[in-house]
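Asks: Below are the features listed in TrEMBL for this protein:
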- 12-29: transmembrane segment (TRANSMEM)
- 49-66: transmembrane segment (TRANSMEM)
- 78-97: transmembrane segment (TRANSMEM)
- 109-257: domain '3-oxo-5-alpha-steroid 4-dehydrogenase C-terminal' (DOMAIN)
- 109-133: transmembrane segment (TRANSMEM)
- 145-164: transmembrane segment (TRANSMEM)
- 203-227: transmembrane segment (TRANSMEM)
Amino acid sequence: MDWDRTLFHNSLIALYLIAPPTFISLRFLQAPYGKHHRPGWGPTVPPSLAWFLMESPTVWLTLLIYPLGDRSSNPRSLILISIYLFHYIHRTLIYPLRLRNSTAAKRNGFPVSVALMAFGFNLLNAYLQARWVSQYANYEDDGWFWWRFWVGLVIFLDGMLVNVRSDLALVGLKSQGGGYKVPRGGWFESVSCANYFGEVVEWLGWAVMTWSWVGLGFLLYTCANLVPRARANHKWYLEKFGEDYPKGRKAVIPFLY
């Protein structure tokens, strides 16, 4: 259908257009949650509820849209969308449950305004990823598919392992009470935001697996969103802990940045 192709095309352009202003704005103004919590952003909700609601389109919208595609029954498409959902079922359901035990999370609410912006992005991105994989990608005639798939899958799973382990470490520190502490172990010995590093690696793997402008756009937006926040978190750690904070750590990219 022409209208659907036009919608998909315009949505893809929008994904690329919002990445630069996101990166630029987050260089100067951090979203007011977590370490950067501050008043003045309107009503708040518990962080666990915010994460569940704002990430939820990646699950329910994907499950609604994917079966409508002409290639939804193709084994390659099914494998790809299952991997995408694997990440987001954890992010939407499991991660918020872990946040419920965090004393810091209970003390600082999550602004509804920020959650709504994230909800809007996830609507856009879930539509693009699901529609590409189930309708517009032609993996049947792609002789390089399995080569790229296995390379991308290894990258994706490695990134998810880093992301999940790092989130567990951070939630564990918050659950101990007594304020923020220096995270240690794993990739935290190299970067301040190992959880963000893991997520960037994940979507690099996804971009390789899908080999698409959609996957690349998601990776670029992830970097535009997380790299400035990682830089701000790194600066926050240095200011809060001073000489006690490991000086060799980078912000988010090991040995580089």
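Cβ atoms here come from the backbone N, Cα and C positions, even for glycine.
TrEMBL does not curate its annotations; it predicts them automatically.
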Asks: Please spell out the DSSP helix, strand and coil residue counts for the domain '3-oxo-5-alpha-steroid 4-dehydrogenase C-terminal' (109-257).
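Replies: Computed counts for the domain '3-oxo-5-alpha-steroid 4-dehydrogenase C-terminal' (109-257) are 109 helix, 4 strand, 36 coil.
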Asks: Let me spell it out: take the transmembrane segment (145-164), skip the flanking residues so only those 6+ beyond its ends count, and list any with a Cβ under 8 Å from a Cβ in it.
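Replies: 76, 79-80, 83, 86-87, 90, 139, 186-187, 194-195, 197-211.
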Asks: Quick test of the contact rule: Cβ under 8 Å, at least six residues beyond the ends. What residues does that give for the transmembrane segment (109-133)?
Replies: 4, 8, 11-12, 14-15, 18, 31-33, 37, 41-47, 49-51, 53-58, 61-62, 65-66, 69, 71, 77, 80-81, 84, 210, 212, 214-215, 217-218, 221
